[in-house]
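**Student:** I grabbed these lines from TrEMBL:
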type: TRANSMEM; residues: 12-33; note: transmembrane segment
type: TRANSMEM; residues: 54-75; note: transmembrane segment
type: TRANSMEM; residues: 95-116; note: transmembrane segment
type: TRANSMEM; residues: 123-140; note: transmembrane segment
type: TRANSMEM; residues: 160-181; note: transmembrane segment
type: DOMAIN; residues: 198-304; note: domain 'Copper resistance protein D'
type: TRANSMEM; residues: 202-222; note: transmembrane segment
type: TRANSMEM; residues: 242-261; note: transmembrane segment
type: TRANSMEM; residues: 282-304; note: transmembrane segment
Amino acid sequence: MADDLQLAMRVATVALNLAAAIAVGATTASLPLSGSASPWAARQCGRARLASMVGLTTAMLASAWLLLFEAASMAEVPVAQAGDALWTMLTATHLGAAWMIGLSALAASLAAAAAVRGEGRRKWLVPLALLGLAVFLYTRSMVSHASSDGDFSPAMLADWFHLAMISLWVGEVFVAGALILANPVGARADDGNAAARYVESLSATATVALAGIVASGVFSAWHNLGSINELTGNPYANTLFIKVSLAGVAVLMGGYNRFFVMPSLLDGLRRNDPAGASDVRRFMLILRLETTVLLGVLIVAAVLSSTPPPGAA
């Protein structure tokens, strides 16, 4: 039963992290798309809003299931008999308090996302939705390895920032490849210009996110491993190596798109050149491959989160 619960918790964690990332990516994507005269941008803004709401709702459901699995694991009982343990966890544990704060933050983000108009009006609500997501991600760090030094320690802040940047990177790549750029850009000049602005924003945001991931990841790895001698030969370090390797592959894919595909893509979009459709397809194909690799990163990250660091083993 313990192994089944461990697997269930990891699956729920992957679903939760992916749903939260999609919500972050979709909410962020609405910023460069809103306020444009482009009909294409207005349609994509509505799709991004819907994707954000679906992501937030899924995150709430996955969070509830994860808490139930945690309660069953704590009480060493089947999930169907975990009701008493669930209540105890909610009312008397640090994990329960973090969960309730996180669920409230997701609900607030969902309300803000629902109130934003599809064409980008009420844009001022978008930062509120992102703030709620930031609070939720902080509560995830509150129940991670980083919380051993307290809820407001440098390790906690680094872990939260790392999680936020990963969510931004994964979410924006997923939303761009599966949703926004999957819809043909319109024939109007402002459609092409709006699409070019979106692609530029996607690239700039991914670059900032990657820099934040590297900086916070190095600090978190140093904190969790404790010594250079722990870089190999233990389950935590081995899992971390797999995660970093997969992330490196995704970075190479993103770099190829940025330096070899994007220049001609932007030129074609701004000139509204029908021949530029091949660049869009190539850009989108690499985004989708990158998304697949990043899904692997999320799966390995779920394993890493349930693997004790060397100092805690």
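Each Cβ is built from the backbone N, Cα and C atoms, and glycine gets one as well.
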**Student:** Do we see three or more Cβ pairs under 8 Å linking the transmembrane segment (160-181) and the transmembrane segment (95-116), pairs being at least 6 apart in sequence?
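**Tutor:** Counting Cβ pairs under 8 Å, fewer than 3, so no.
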**Student:** Can you work out which residues elsewhere in the same chain, 6+ from the ends of the transmembrane segment (12-33), have a Cβ less than 8 Å from its Cβ atoms?
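**Tutor:** Residues packing against the transmembrane segment (12-33) from afar: 41-42, 44-45, 48-49, 51-52, 54-56, 58-59, 62-63, 65-66, 69, 109, 113, 116, 120, 123, 126, 129-130, 133, 136-137, 140, 164, 166-168, 170-176, 179-180, 194, 197-198, 200-202, 205, 295, 298-299, 301-302, 305-306.
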